[in-house]
Ligand SMILES: Nc1ncnc2c1ncn2[C@@H]1O[C@H](COP(=O)(O)OP(=O)(O)O)[C@@H](O)[C@H]1O
Ligand SMILES: [Mg+2]
């Protein structure tokens, strides 16, 4: 919908049938305030911008909060000029929030930028988007800014300049839509100015510095007049009956006001009461959006006069609100005419400011009574103008906030400083999908993390296991060979298992298979842990001899790791059997021989092979070494079986 199109009030939002060919005539009443449902490809509903902003309130608020546009806006502080542009955003009031309004304006005071988020619908009236617009300024004030801060940066410096008494002229002008805080800010500035004015003109040392100042040393007289311009007529707000004043053409395009009352306050209190008196007489008219909306411009002239000469002039203008057509829908013809008049005066003002900011020699101030009354402020050399653009934060007033800010930027000639960006808004359904899409990914991430942790634990355990194994290997390597075992002192030799069971030492002197040595070293033979079995090399008689010798030495040493298997009753015909084929009795015997513990009933060799290292340690009453002997020994049994079978295969193939 074009921005100039007249939007209907929310309650009268249009629910029109789509013009699409063949669209069913399903029309939903907009009064329900519900979001338009997806009625299929042929139907859509049209709502004015305000209605759609309310209907999609949550989505717009979420998107505004998430948007990165505000954080990325460039610095917008304007360079010095005769025209200063200030922006002040008023707070969002509680009653506005209750009506469903939300904040669409953000102010970055550090960057002097004001960003307005325009909440709009695509032409399909289903998809939403945000149109961000950022405006530069001399200084921007947020809803948190205090009046004192605003004064210190705006009216304060102008007042100080005027009070130098060197004929300076300054204009402070409030511009903005009705209800945006023009009068609020102006009142605060007037109060602060009344306080400062007298101290500034009486300050010792300030007078007499300039040769331009006549009779320096005498504080000037303060002369105040307040004029209200409504339409083409003016009224004196300091006369009790708001007398109409007449304007006399000065020939140079300027005007002089005849019959206006001029007050000469002597103290801050008197000046303040003058301001208040004028304000109370200000013409106000109730409108749909602001019960005290001003329908006129209020021009307050503060002159500093010395010896009938004006040595300083500060003009404060509280402009009438720029009325919106839709807000004046219920107004009378007279009120609508007033609105048109206000707009034309604002336009004339705008033209003058543009010319002044651009340094043009011709200022078109003759176009309106208002600009003629402000002729001095536009034409005096060195004149300063400060405009405070006030804006409302509500979504309903978006277009007016943008209009106000665009206008003041054009007055200053900095339209190219304005930046805009479009951003699509996620619907609730899209947000839901995003969240449900994120959840599985998150779960995956968690699973991967736990797998990684598990892998780390396994790796740590394997390292631990390898270290222990290496320690045992080193220990074994440091033990003298079986042949010399008998010569070792008894204390250094492995002790036989105790039959009492009170102390059950584990024989660690097992004989792991060194990988770089043949499995069946000549003359010794590798004795299988399975009873009596050994790898045969050479003749059976020689092997028998070696086996007997080995058995004997094993008995002498108290039984080493494998020697303890002598006489076991579970040998196979070929002399070795794989642990997985062991019965419970065979497995029990093996375990008893190795770690002197009783295997639980029903556990056979196959089950035993499945025991982890940790389980072996637990089974051995947390005895790490015993657990390792058991776990490791089983695997060596398996290795041994494989080695024997390989040997057999080699023999069959005739390679040995
Ligand atoms: N910065 C602000 N802080 C608090 N209240 C504000 C502010 N600006 C405006 N208001 C309030 O908003 C309402 C409308 O302000 P007003 O100055 O009358 O608007 P305008 O003169 O632009 O029509 C008033 O009730 C005023 O007190
Ligand atoms: Mg006002």
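Each residue, glycine too, has its Cβ placed from N, Cα and C.
TrEMBL lists 176, 177, 178, 179, 180, 181, 182, 183 with the feature ATP binding site. Residue 182 (ATP binding site) has a Cβ environment of 26 other Cβ atoms inside 10 Å.
Per TrEMBL, the feature compositional bias 'Low complexity' maps to 1-26 (among others).
If you look up TrEMBL, you'll see 28-38 marked as compositional bias 'Basic and acidic residues'.
Look at TrEMBL and you will find 475-484 tagged as compositional bias 'Polar residues'.
If you look up TrEMBL, you'll see 488-505 (among others) marked as compositional bias 'Low complexity'.
Residues or ranges marked as compositional bias 'Low complexity' in TrEMBL: 530-551 (among others).
Marked as domain 'Kinesin motor' by TrEMBL: 82-414.
Marked as region 'Disordered' by TrEMBL: 1-47 (among others).
According to TrEMBL, the region 'Disordered' annotation covers 471-560 (among others).
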Rounded mean pLDDT for the residues that make up the domain 'Kinesin motor' (82-414): 86
If H, G and I count as helix, E and B as strand, and all else as coil, what does DSSP give for residue 176 (ATP binding site)? strand
Under 8 Å Cβ-Cβ from residue 181 (ATP binding site), six or more apart in the same chain: what's there? 88, 90, 390, 392
Counting only other Cβ atoms and using a 10 Å cut-off, which of the binding-site residues 176, 179 scores lowest? 179
Within 10 angstroms of the C-beta of residue 177 (ATP binding site), the count of other C-beta atoms across all shown chains comes to 25
Quick one: of the binding-site residues 176, 178, 180, 181, 182, 183, flag those whose CB is under 6 Å from ligand 2, and say none if nothing qualifies. 182, 183
